[in-house]
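Visitor: Just passing along the structure, written as structure tokens.
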Amino acid sequence: MGDRFIPIRNVSNEFNFSFQSFKECVLSHGSNLRRKTSGTIQRQFMELLSMELFGSQASRSRAFYYGEDKRKIEKKMLDTPDRKSYSLSPISPQSQDMLRQPQKPKRAFPKTPYKILDAPYLKNDFYLNLLDWGQSNVLAVGLASSIYLWSAASGKVVQLHDFGATNHVTSVLWTGKGTQLAVGTDSGVIYIWDIESTKSVRSLKGHSERVAALAWNDNTLTSGGKDEVILHHDLRAPGCCAEMMKVHEQEICGLQWDRSLGQLASGGNDNNLFVWDYRSSRPLHKFEEHTAAVKAIGWSPHQRGILASGGGTIDRCLTIHNTLTGRLQNKLDTGSQVCNMAWSKTSNEIVTTHGFAKNQVSLWKYPSLKNIANLTAHTNRVLYLSMSPDGQSIVTGAGDETLRFWKLFNKKPKEESTLIR
């Protein structure tokens, strides 16, 4: 008769199951727990359970030990009030320490806008740009043939001008300092308004059809029209325009300057996205990934040469290009028409506005393009978007003739001075 091996079993722990085995058991049979707890909550629960059942060092070895248990065992010591035996808490001191650790608060997103303004006669036209929030904290909006200004500080609304029934506003854009406003019209003429005097100080001609896109670069105003032409207007010169460029084959609906690089991005109804260097009249890059009109364009304020763009109804994609290398960095199907976009000034995130079917405002993490939040309140496609000067809020305008204000971002922390006082 042969010898039989009998494993050594600790009296206080007859079977030493590893925490990993226990965890698999809980996850396979605890379907109700999974439904009620998710993500961070479930992970914290499993960590607490591990601490209580197996101590601070949960074993991940095999399920049974054949031999001496080498895990740390509480050493015999003199009886003191600090002993676990005398604790009034149902959990161990180690678990208490874990629960006392500060938790990062979960980011909350608004379910509803904090302000809604009526915008009668706000055009439901994908190609126009009728909304801009300037550095002076004044919002400019084009409603039919009129320009209105809304002060975020006082809440006061004033009508700046009415062009008459035959000439509607097609685009508005503040200068960098917010002291002058450029207004594009159906007639192809661009008007420059001085806000302090509330007078038009200049009119710029050159387009034969409506001007839907505007972009400032210091003293130069770039405009794009339905005539497929891009014009650079140097406001320091008495003449009309300094340069004309024509490569788009349909209406130009998106323009954005990256002032740090001196690069201009232009998008059009021909589904093309061009990047220009300010020193050349020929495009630096031509990106053809989109299959619908490219109106939504935005340069990253955090990384040089990173350009985001969004396509229309057929395309629905959000793309990221690196204009320093000329390569496509990322592409994502958002599921609906991308009408407009803006980069957060305080975090590496992108806000996009959308059309059918949800008419939502979406927030994406860069560079993964992971969807962070979706805000739904508009009842028609969200065509217009602008960000507040402090970067905390956005305003959206839609075909439902409303302007809605959302607080999405925290204020940018002040950089500590390195000067020795």
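Every residue gets a Cβ built from N, Cα and C, even glycine.
From a predicted model like this one, the values you see are computed outputs, not experimental measurements.
Quick paste of what Swiss-Prot says about this protein:
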- 86-98: compositional bias 'Polar residues' (COMPBIAS)
- 79-107: region 'Disordered' (REGION)
- 123-160: repeat 'WD 1' (REPEAT)
- 164-203: repeat 'WD 2' (REPEAT)
- 206-246: repeat 'WD 3' (REPEAT)
- 247-286: repeat 'WD 4' (REPEAT)
- 289-331: repeat 'WD 5' (REPEAT)
- 333-374: repeat 'WD 6' (REPEAT)
- 377-416: repeat 'WD 7' (REPEAT)
Visitor: The repeat 'WD 1' (123-160): mean pLDDT?
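Guide: That stretch averages a pLDDT of 98.
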Visitor: Please identify the stretch among 123-160, 164-203, 333-374, 377-416 with the greatest number of Cβ pairs below 8 Å relative to the repeat 'WD 4' (247-286).
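Guide: Of the candidates 123-160, 164-203, 333-374, 377-416, 123-160 scores highest.
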Visitor: Using DSSP, what's the helix, strand and coil tally for the compositional bias 'Polar residues' (86-98)?
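Guide: Counting residues per DSSP class in the compositional bias 'Polar residues' (86-98), I get 7 helix, 0 strand, 6 coil.
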Visitor: In terms of Cβ proximity under 8 Å, which residues at least six beyond the ends of the repeat 'WD 6' (333-374) contact it?
Guide: 109, 126, 292, 295-302, 306, 308-313, 315-318, 320, 380-387, 390-392, 394, 396, 398, 406, 408-412
Visitor: How many of the residues that make up the repeat 'WD 1' (123-160) does DSSP mark as helix, as strand and as coil?
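Guide: Looking at the repeat 'WD 1' (123-160) with DSSP, the answer is 0 helix, 20 strand, 18 coil.
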